[in-house]
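The block underneath contains the structure these notes are about, expressed in structure tokens.
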Amino acid sequence: MKILVDENMPYAEELFRRLGDVQAVPGRPIPRDALVDADALMVRSVTKVNEALLHGTSIGFVGTATAGTDHVDDTWLRQQGIGFSAAPGCNAIAVVEYVFSALMMMAERDGFQLRDKTVGIIGVGNVGSRLNARLQALGVRTLLCDPPRADRGDNEAFWPLEKLVREADVLTFHTPLNKTGAYQSLHMADDELLAALPDGRILINACRGAVVDNAALLRALEKGKKLSVVLDVWEPEPDLSLPLLARVDIGTPHIAGYTLEGKARGTTQVFEAFSQHLGQPQSVELASLLPVPEFSHLRLNGELDEGKLKRLMHLVYDVRRDDAPLRHVAGLPGEFDRLRKHYQERREWSSLCVQCDDATSAGLLQQLGFTTQLL
């Protein structure tokens, strides 16, 4: 059995070798000659999986080591009898920590306390629900918008988008990209929404680029709309708008979910799904794959305040480290993908054990996702 894996999927060769012969290939583009006689294909979001890619091949299973699936024509796969699996929630923690890093950077720059802000979360799935829980643990007021869940009668107080836009200080988008239908999210943030958004607000998009109409956002900013903007995803990618990049506060190359833990979860989830598909179910302990972080322990004396928390968060990951490289090379052919391919290793907060002498602080840090030890 021949299994193709994206060369940037960590641990993929090590794991999938248990099931067959493995060939690592670039994800954009995948060489046609490698596909012809392959039995399975494991991709990331950079690979468009559809009839044009797979027609005439022997591929019988596709796995994407990503939470989102808008790059995969799963309807066509189903019609062809091709097995398919994604990795829902694999990078949710990473995206949450990216959003926190961006908010803490802005709090430091603009002199506010995050606890004093109201955060509107649009899309309350794997990412949005975790973000909501961590913000609430910190004492931040949150407003939730999720029309599909609201229509199902889920036990949450959901807000209509048009009302949330007027009430929230921060809008952060965590929806799938639905181009049609009752829950269309394509260009959810359009000219009308941006016009309704009061000046001084923060807008964050770390889900899919086209959820925010990039042309409309650029028009609004060029006309003097006073917004702080964080974009990790763009419309289109990899050929993002340079004028828009110049006007956003934080711009990064679609790496919000790029922690080592998040990538490894994606790989292990599709590996386990494929092994199940073959009738050879195997499970993987994530911790057995991950290296010991270079910086793993820190002692915190006294009570935890927001300043100390910001320093802890940014010790593990500071979003500014990914903003500057994109601005330096944006517009150069292939550089967007190169930044992603050669992304500097990034860990999640759980990789840092904070030794505390205050039980309340230890409890809060644990709720936020840090590993803690009470002294």
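A Cβ is built for glycine as well, from the same backbone N, Cα and C atoms used for every other residue.
Tyr258 (substrate binding site) has a Cβ environment of 22 other Cβ atoms inside 10 Å. The secondary structure of Tyr258 (substrate binding site), as reduced to three states from DSSP, is coil rather than helix or strand. Residues annotated as substrate binding site in Swiss-Prot: Ser45, Thr66, Tyr258.
According to Swiss-Prot, the NAD(+) binding site annotation covers Asp146, Thr175, Asp232, Gly257, on the basis of sequence analysis. Neighbour list (Gly257 (NAD(+) binding site), Cβ cut-off 8 Å, at least 6 residues apart, same chain): Thr66, Ala67, Cys90, Asn91, Ala92, Ala94, Val95, Tyr98, Ala206.
Under the heading active site, Swiss-Prot lists Arg208 (among others). Of all Cβ atoms in the shown protein chains, 25 besides its own fall within 10 Å of the Cβ of Arg208 (active site). Taken residue by residue with DSSP, Arg208 (active site) is part of neither helix nor strand, so it is coil.
Per Swiss-Prot, the feature active site maps to Glu237 (among others); the stated evidence is sequence analysis. Secondary structure from DSSP puts Glu237 (active site) in coil. Cβ neighbours within 10 Å of Glu237 (active site), excluding its own Cβ and spanning all shown chains: 17.
Positions annotated as active site, proton donor by Swiss-Prot: His254.
Inclusion criterion for the recorded positions Ser45, Glu237, His254, Tyr258: a C-alpha placed within 10 angstroms of the C-alpha of Thr175 (NAD(+) binding site); this criterion is met by none of them.
Taken over all pairs of the listed substrate-binding residues (Ser45, Thr66, Tyr258), the Cα spread reaches a maximum of 12 Å, rounded to the nearest whole number. Closest by Cα distance to His254 (active site, proton donor), from the recorded positions Ser45, Asp146, Arg208, Asp232, is Asp232. With a cut-off of 8 Å between CB atoms and residues at least 6 apart in sequence, the same chain places Tyr98, Asn205, Ala206, Gly251, Thr252, Pro253, His254, Ile255, Ala256 near Asp232 (NAD(+) binding site), listed in sequence order.
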